[in-house]
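In what follows, a structure is listed as structure tokens, so that the remarks can point back to it.
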Amino acid sequence: MGNLCSLFTPPKPVKKRKPITKRQSSIGASSSGSGLNSNRWNNRVRSSSSRRDNKFEDALIQEHALAAAAVLFRQQNGGGGSLPFDRSASQRYQGSCSKKNQLPRSSSSRSRSSTDPLLQPHQFLNQGIKLDDLETNHFVLVHGGSFGAWCWYKTIALLEEDGFKVTAIDLAGCGINSININGIASLSQYVKPLTDILEKLPIGEKVILVGHDFGGACISYAMELFPSKISKAVFLAAAMLTNGQSTLDMFSLKAGQNDLMRKAQIFIYTNGNENPPTAIDLDKSLLKDLLFNQSPSKDVALASVSMRSIPFAPVLEKLSLSDANYGSVRRYYIETLEDNAIPVTLQENMINSSPPEKVYRLKGADHAPFFSKPQALHKLLLEIARISPA
């Protein structure tokens, strides 16, 4: 919920590519026949290489567009508040856990083009290891404020390609969930689509929860209720709170350091200006700079037509988190180093206040790493999935 930071201040009333041309080689009158043939050969090689590059980029753009279109099609024709993606399990990772008090950190810094390919076949799980031997091969993805299950379309595709089961949830009033956002009065009401799924899990079955942004507070709430059904919890540029703390409390700590957020915030007063706001929206013209400063333009366009308001009441609610329940679930934090919505300093503050088992860092990732760094994020999720039970 990049827009959680919008709560920092008191409420207010209501390229184009240039055509590729061949270099023209000037041949003097004294040039030999072999020199002319060599220049012509080099021009043909350059032209062929340029055509291949163009075809690759065109195919890449078409691949992303088709994936986004598929998500929108499911939104319009599917039912319910979540998008299940099941596949038979056939591989797993090996790994070991680290001690909680050591706060190990890991960085992702591979070289890449400006746009990540959507699918890379079995880059990380092709080691002849069975997914069935993992503690769980089921990821449950929980979006942040204003987002919906649609934002995970790249992550869903990559995880499913590697044989994982994936459930992407629309929280109440988000994505294709039809509840009126202005009528949501509590965190329990907002996260009900998530708690419903966990409640229905068979005895002994566990999942890996991934919460982005305000989704961090949502998975924390679920961890307190269903600790035995959660193998691991991943906080992705997310609100990771302590007992008795609200999301507003945490994000208000850095209230004076985000002018862009203050400019973007729009408070909604369904019950009149004399009452507290019912929801928060964002200025669409500022979305790219605030949330998607490293993301492809196609994904910014998808978000601009898909994002919805976030309910205000859940942001104010203080969490009750116990060591016996919430504290028993293994936690991991993924920092986004180019984040303009939840700056790294605030992410570090949350980490220091409630240290997780391990911290990962996504270089070059904005507040939407599922758009800006999908492959690097995928690699980290697989690494976390392979960590052996404690």
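Cβ atoms here come from the backbone N, Cα and C positions, even for glycine.
Here Swiss-Prot flags ASP213 as active site, acyl-ester intermediate. Taken from Swiss-Prot, the feature active site, charge relay system applies to ASP339, HIS367. If you look up Swiss-Prot, you'll see 25-48, 105-114 marked as compositional bias 'Low complexity'. Taken from Swiss-Prot, the feature compositional bias 'Polar residues' applies to 94-104. Under the heading domain 'AB hydrolase-1', Swiss-Prot lists 137-241. The annotation region 'Disordered' is assigned in Swiss-Prot to 1-52, 94-119. Look at Swiss-Prot and you will find 1-46 tagged as transit peptide.
Around the Cβ of ASP339 (active site, charge relay system), a 10 Å sphere holds 25 further Cβ atoms from the protein chains shown. Within 10 Å of the C-beta of HIS367 (active site, charge relay system) we count 28 further C-beta atoms, all protein chains included. DSSP assigns HIS367 (active site, charge relay system) to coil in the three-state reduction, outside any helix or strand. Taking only the Cα positions, the spacing between ASP213 (active site, acyl-ester intermediate) and HIS367 (active site, charge relay system) is 8 angstrom. Rounded to a whole number, the distance between the Cα atoms of ASP339 (active site, charge relay system) and HIS367 (active site, charge relay system) is 5 Å. Take the CB of the residue listed as 'active site, acyl-ester intermediate' and look out to 10 A: across all protein chains shown you find 32 other CB atoms.
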